[in-house]
């Protein structure tokens, strides 16, 4: 049984095809659901909840970031929960939207010396946790969220993306 009902939109020709991205996202987000559910960190509905993923470019995500967050710049990932939810509480049937910008991800992979797939995996997990109410606005929240990211990524065979870094809090 699928862990999530994943809907994908590809708005930039630089991304792989929809089938490739869907398979990738099912593996990554499926692992996140299994870890969160089995570790009793997060309950999930019996029916697979829906998440919408948009794979776009820097110009599009910059427009969205300016409109919804008042930040007129491109960013790697934006998450828009469909409904307010607190971490560890049952989400609704529609989790929300995750939007990822290809050019920013590509630049960051060079800066971080990571593979594109590994960095994209991290951003998908990060965005997914935001849909479940997790955040990093203060050090306590950041510690919880980054700890979950690290453990989920470990389930996928990836190393700690925060190793040797300070907690990443929003300004």
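Here the Cβ of each residue, glycine as well, is placed from N, Cα and C on the backbone.
Per Swiss-Prot, the features are:
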| type | residues | note |
| --- | --- | --- |
| BINDING | 126, 130, 136 | Zn(2+) binding site |
Binding-site residues compared (126, 130, 136) - highest count of Cβ atoms within 10 Å: 126
Cβ-centroid neighbourhood (8 Å) of the Zn(2+) site, 126, 130, 136 excluded: 79, 127, 129, 134, 135, 145, 149
Residue 126 (Zn(2+) binding site) - helix vs strand vs coil (DSSP): helix
